[in-house]
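Engineer: Would you mind keeping the following structure in view while I ask a few things?
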């Protein structure tokens, strides 16, 4: 019964959230079972560009460390805010959501070229939290029953919590910075005087991820028009003539 409930919940997740969280969990499981090691996953520009280990561009976003409190904490926030974004402001706009993933990952990778950052999954999670929090500014949050605050403060609370745990806040700051860049270019600048939309989702992403829109110029044949379709009563009379 519990398995059916879990399967139903899993299959009910939106596609992008399900794919990303599943990839993160499977990657961590593979490391935990020693099928692979973190040394095969971390971000290393030299190995990427000289040894052509291009998978590192993706795998460094999938590994959140060994099983433990930090891993489960990150997974909970990743699942929660990725899903709320996909089912909220990106509802029916899967291609735009995927483009945000690519845009955020690209900026973080550029920064990673100049800094000694090995895994960027936590920064990516903070980016998702930041975008959600700015698009839901009036929601009241409660953090472990200790703090009450408005949603836009959530990324900063998470950064403070990370600092208390003794972690570097560079990753958190990177996620906040990239999240703010996306939010400004997508939500703020286009609505300012003289502003325009700079982040345009490529057509091939829309073709792959979004359902095709109905052509407004489509003109059905006369026999295909609804008004010319036989009614149920007429069909019954034709099938059972008196």
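We count from 1, first residue shown onward.
Here the Cβ of each residue, glycine as well, is placed from N, Cα and C on the backbone.
Predicted automatically and left uncurated, TrEMBL annotations should be read as such.
Feature table excerpt (TrEMBL):
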- 20-42: transmembrane segment (TRANSMEM)
- 54-79: transmembrane segment (TRANSMEM)
- 99-132: transmembrane segment (TRANSMEM)
- 153-183: transmembrane segment (TRANSMEM)
- 211-242: region 'Disordered' (REGION)
- 222-234: compositional bias 'Basic and acidic residues' (COMPBIAS)
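What's the neighbourhood like for each of these?
Structural biologist: Within the chain, the transmembrane segment (54-79) has long-range Cβ neighbours (under 8 A, six or more residues past its boundaries) at 17, 20-21, 23-25, 27-28, 31-32, 38, 40-44, 47-48, 105, 109, 112, 118-122, 124-125, 128-129, 158, 165.
The list of residues near the transmembrane segment (99-132) in space but at least 6 beyond its ends in sequence, with Cβ under 8 angstroms from a Cβ of it, reads 16, 20, 24, 38, 41-45, 57, 60-65, 74, 77-78, 81-82, 84-85, 88-90, 151, 154-155, 158-159, 170-172, 174-176, 178-183, 186, 199, 201-202, 205.
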Engineer: Can you tell me which parts of the same chain pack against the transmembrane segment (20-42), counting only residues 6+ beyond its ends and a CB-CB cutoff under 8 A?
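Structural biologist: Counting only partners 6 or more residues beyond its ends, the transmembrane segment (20-42) has Cβ contacts under 8 Å with 13, 56, 59-60, 62-67, 71, 75, 78-79, 82, 101, 118-119, 121.
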